[in-house]
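Pulled from Swiss-Prot, these are the features on record:
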type	residues	note
COMPBIAS	1087-1098	compositional bias 'Basic and acidic residues'
DISULFID	C45-C106	disulfide bond
DISULFID	C105-C117	disulfide bond
DISULFID	C121-C130	disulfide bond
DISULFID	C125-C136	disulfide bond
DISULFID	C160-C172	disulfide bond
DISULFID	C203-C215	disulfide bond
DISULFID	C209-C221	disulfide bond
DISULFID	C223-C232	disulfide bond
DISULFID	C249-C257	disulfide bond
DISULFID	C251-C264	disulfide bond
DISULFID	C266-C275	disulfide bond
DISULFID	C557-C568	disulfide bond
DOMAIN	41-123	domain 'EMI'
DOMAIN	113-148	domain 'EGF-like 1'
MOD_RES	Y1021	phosphotyrosine
MOTIF	1021-1024	motif 'YXXL'
Amino acid sequence: MRLLLLVGVLLAATWQVGYTRAPTFPDKSKSAADAINEPKGEHVCTVKTIVDDYELRKVIHQVVYNDTEQCLNPLTGFQCVVEKRGQKASYQRQLVQKEKYIKQCCEGYYQTKDNQCQPDCNPPCKKGKCVEPGKCECDPGFGGKICSSSCSIGTWGLGCSKKCDCENGANCDPELGDCICPSGFQGKRCEEECPIDKWGPNCVKSCPCQNGGKCNHEGKCVCTDGWGGEYCLNKCEEGKFGADCKFECTCQNGATCDNTNGKCLCKSGFHGALCEKPCSEGFFGAGCTQKCQCLNNQDCDSETGECKCIGWTGKQCDIGCARGRFGLQCKQKCTCPGLEFQDSNASCDAKTGECQCESGYKGANCDERKCSADTYGADCSKQCSCVMSNTVMCAPNTGFCRCKPGFYGDNCELACSKDSYGPNCEKQAMCDWTHASEADPANGKCVCKSGRSGANCSQPCPIDFYGPNCALQCECNGRGIGCHGFDGKCNCAPGYTGHRCEHHCPALTFGANCEKRCQCPAGVGCNPITGECECPAGRQGLKCDISCPEGSYGPECKLHCKCVNGKCDPETGECSCEPGFGGADCSTSCPKGKYGDACELSCDCSDSYCSRQTGKCICPLGKKGTLCDQPCEANTYGPQCQLTTTPSQCASTDPRNGVCLTCPPGSSGHQCEQNCPQGTYGTDCASKCACADGGHGCDPTTGECICEPGYHGATCSEKCPDGKFGYACAQNCPKCAAGSSCDHISGQCVCPAGLEGATCTRPCGVGFWGNGCRQVCRCTSEFKQCNAQTGECSCPAGFQGDRCDKPCEDGYYGPDCIKKCKCQGTATASCNRVTGVCICHPGFTGEFCHALCPESTFGLRCSKECPKDGCGDGYECDAAIGCCHVDQMSCGKAKQEFEALNGGRAKSSGATWLLILFIIGLCGVLGLAALFYRNKYQKEKDPDMPTVSFHKSPNAEDNREFQNPLYNRQSVFPDSGAFSGSSEGGVGAAPDGLLTLEEEDLEDKKIHGGGASRNMRNHDYASLDEVAGGEGGPATSSSSGVQNRRGQNSGDVRRPLLNSEDVDDDDEDEDFEEIPHENRNSTQKLSLERNSKFSEKNFKKKFLSENPYAHIPSPDPNIQNSTNSRRAQENLYT
């Protein structure tokens, strides 16, 4: 019998090697593997957890089984099937909970492949990294909870936490913070305006404007005053000024106006707004802005500034007139008698020339003393003490003695020596007495002899001087080259003769000593020096045969006419003036009221001039009429009042130029046609508005702030309250959807992210996102679909990345590539990135490409067939490429990949099948032999039918079992619980505290992740054999490969249910009670020795050690097959 069991075990093992994977057993190294996979490093927590586990529980069952007995029925071989009852012990796993301490990543962290704990952010950070659970640290330029939004305007940096430091409305780079300047500005903070030759963002574009013009932010030229044209190339014409040269100049007295602002540029001698006033006394020059630099209260020329010195001379009138001079620049000579004498007591007034006598003198020539020569005093009663012979004069008023030269002393009684001089003759004269005759007693100056000069008379006379002290100038009339120093005789030049060269050469002679004869026509002399003919007035040429051209006159026509407004006589140069002019040079216009030739005619104009030629009155600005006696009417001005002013608020205008004299508060300009410039108000626009940024300037008259739409308040500093907008916040906002707001300026609904429309009720269309859906999705896929709030791209199936521009990586598919492909590895298949469908490589098939092509097929989708007669010696049919040589590298590669993928599982080879067939045949022979000898043994040992021996207390829990471990039987629960007193029969629920099979399988699914129960059982109750065999045992149970289902039977295959031996050993020592069988007539005692049969425990040790996988299903309890009954009876006693 042991031999038969061994053969059965071997057969089962061989069957499983050929057709099934090795069963899975509990991993004894699981705890070690768990330790290896435990997280390490930071953020690791140790937690106590409750884990599910199973414990074995023995269950005692009431069973009904079939047996065979000898009977008289020959049709059944004298063996009849009878039903018998008994007890059976089985073991069932019970789910229990146990405490266990494990290491795992702390809450908010997840374990990586290298067993580190990293923070978990869900949803994941888009443009940043997860630094804490649920907290993203955004890359520069991005913000939001998951870093999916670009920084808003005015912020930048990590988490958009920094504010842009820019001016003039500039934004900054969201990553670097660099200011992005608007058009017209540059600099690190956009604080600088563009240079005059640049414009645009960061001032990189060249400005074509000329002459100081600048480009505005659109690149158009803004010209300076005085220029116009597209590029400011056109200068204002004379008489025009201002912007676009649209204003007329109205300057007088020949003044010009500035083409930029219209200011009159007066000629010298005039001033005033229109240059209509002559310079005041003491001022001169253009605009009379220069002050005369004359001293002593003297005036200057209003045009040149030259001092008009009367009674004074010098550039600044700083020198008084010399004795005997008076008048302008002291040019006039006094006519007072006696002034020609040095000692005259007369003088004249420097300004008027009136003669005056010094004090103490009288007479027409002031040469008469009031007192006698030797008396003085008011009444001439005092006697002079002077030596009158040595005295020039005794002062008539003081009696002071004025000594003659060469005398000194109080009374002039002493004479100076030859070489002394000065007051009291105290100074010594330094003369060369060889050439000096005497020294001046007054100043000690040496008096040189003729032909000598110099301080001490040691130098000869210069070339043009002669006589004592060389004081006399040679009188050669400019016709000689110096003279003799002693007597002054001239050295005459050619053409002259005489002591003083006072005589010309005689007629018709010229040259040195007048020795040459002239070669000129009769009556025409020649130059006494050169001999050239000297033409008479009005003629020119070498021979004096050409008349003077117009504009010249005189001898040889060398003189130029000075006639300004006329012609001159070619001989005399006398001017013949044009009408309206007079004077020697015709430069004098007719005086006011005169006109015609020589200004002889008179005109009768009222306070105006008349034409010098025609006598027609020329009215000044502001006058009109034939005689210019009528003033301009209101709103007219200019010459003859022909110009009209534009209607304005001006109270009165200047009739000369139309400029408003007094503009009302709030206006400016020539005609008060302009409001005050932005930001100013009041009279002369002198006050500045005090309005905030929300103001659009102020009222030019009152200064009251004019608020921009959306603002209100005295200074326009307050925004409109909620629900209001527009000017003065007078308009009501529309009903915007919840979550949106009304713009305080325009009244438009300001939609939040994801909404658009007039009232923010319409979600963003495809391809748009953000506030008001103004942002365009940056996704590159053809769908352009992104999150309406954040702009995050919603990638279609098959794409991923921030912009959905990256295809799914291998092994992933679907929207955003978040689904993992179920294909069995990349070696056997590729996964469709859109649908996830596995696309099998050649040689593989199945939904997940997990199987090789069936035998005799190969290629893509296993669509090709191998040759029916084989590939030939040394060749095989590869599942991928078909027939190939076994030594070819790629031959058999698909099979290798399949085996590697399935852990080495492969189809059984032909040798395995031969071994199986051999074992089956051997088992058949041994089985027949065993059956023959068994029947023979039974007949010889005990011809009677056996009885079953039960314990005397069969209802005791520990004795509810059969003691024959080899008996084939079905374990069955009573219908309503075998141990609760309910009715018996059928399969019922598990006793209290135990799990039913369904509950057990359900708990097993919870632990092991769903799917089929890991027990892989199809019978009602687990036996100890199955528990010992691991978690499930073999997947198949018959040679036909048909899996048994619960409540089904496949042929004659049976499931031996082995009784447990976990009961106490004392149970084996108890006696057994004979229980009569229902169909027997006599009771027999069957005494079975404990050492003559297997206990269940010994059998399990023996049987399971030889074959841990052995498991043969129990038969269906309803089968009443005689063969089964007979086999059961035979097995009972084997």
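The backbone N, Cα and C atoms fix where each Cβ goes, and this holds for glycine too.
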Integer Å distance between the CA atoms belonging to C215 (disulfide bond) and C264 (disulfide bond): 30
Of the disulfide-bonded residues listed as C45, C106, C221, C251, C257, the one whose CA lies nearest the CA of C275 (disulfide bond): C251
Nearest-integer angstrom distance between the alpha carbons (Cα) of C209 (disulfide bond) and C121 (disulfide bond): 58
Minimum Cα separation from C160 (disulfide bond), reported as the residue among disulfide-bonded residues C105, C136, C249, C251, C266 that achieves it: C136
Disulfide-bonded residues near C130 (disulfide bond), in sequence order, restricted to C105, C117, C136, C215, C557 and a 10 Å Cα cut-off: C136
Whole-number Å value for how far C106 (disulfide bond) lies from C203 (disulfide bond) (Cα to Cα): 56
Spatial separation of C232 (disulfide bond) from C125 (disulfide bond) - C-alpha basis, Å: 57
Using Cα positions only, nearest of the disulfide-bonded residues to C45 (disulfide bond) (C105, C117, C172, C232, C257): C105
Minimum Cα separation from C136 (disulfide bond), reported as the residue among disulfide-bonded residues C106, C121, C557, C568 that achieves it: C121
Taken over the domain 'EGF-like 1' (113-148), the model's mean pLDDT: 84
For C172 (disulfide bond): DSSP state (helix, strand, coil): strand
Of C45, C121, C125, C215, C221 (the disulfide-bonded residues), the residue whose Cβ has the fewest other Cβ atoms within 10 Å: C45
Nearest of the disulfide-bonded residues (C105, C106, C215, C232) to C172 (disulfide bond) - Cα to Cα: C215
Secondary structure tally of the domain 'EMI' (41-123) (DSSP, helix then strand then coil): 3 helix, 61 strand, 19 coil
In three-state DSSP terms, the structure that C209 (disulfide bond) belongs to: coil
Cα-proximity to C257 (disulfide bond), 10 Å cut-off, over disulfide-bonded residues C105, C215, C251, C266, C557: C251, C266
C266 (disulfide bond) and C117 (disulfide bond), distance between Cα atoms, whole Å: 92
C105 (disulfide bond) versus C223 (disulfide bond) - Cα distance in angstrom: 73
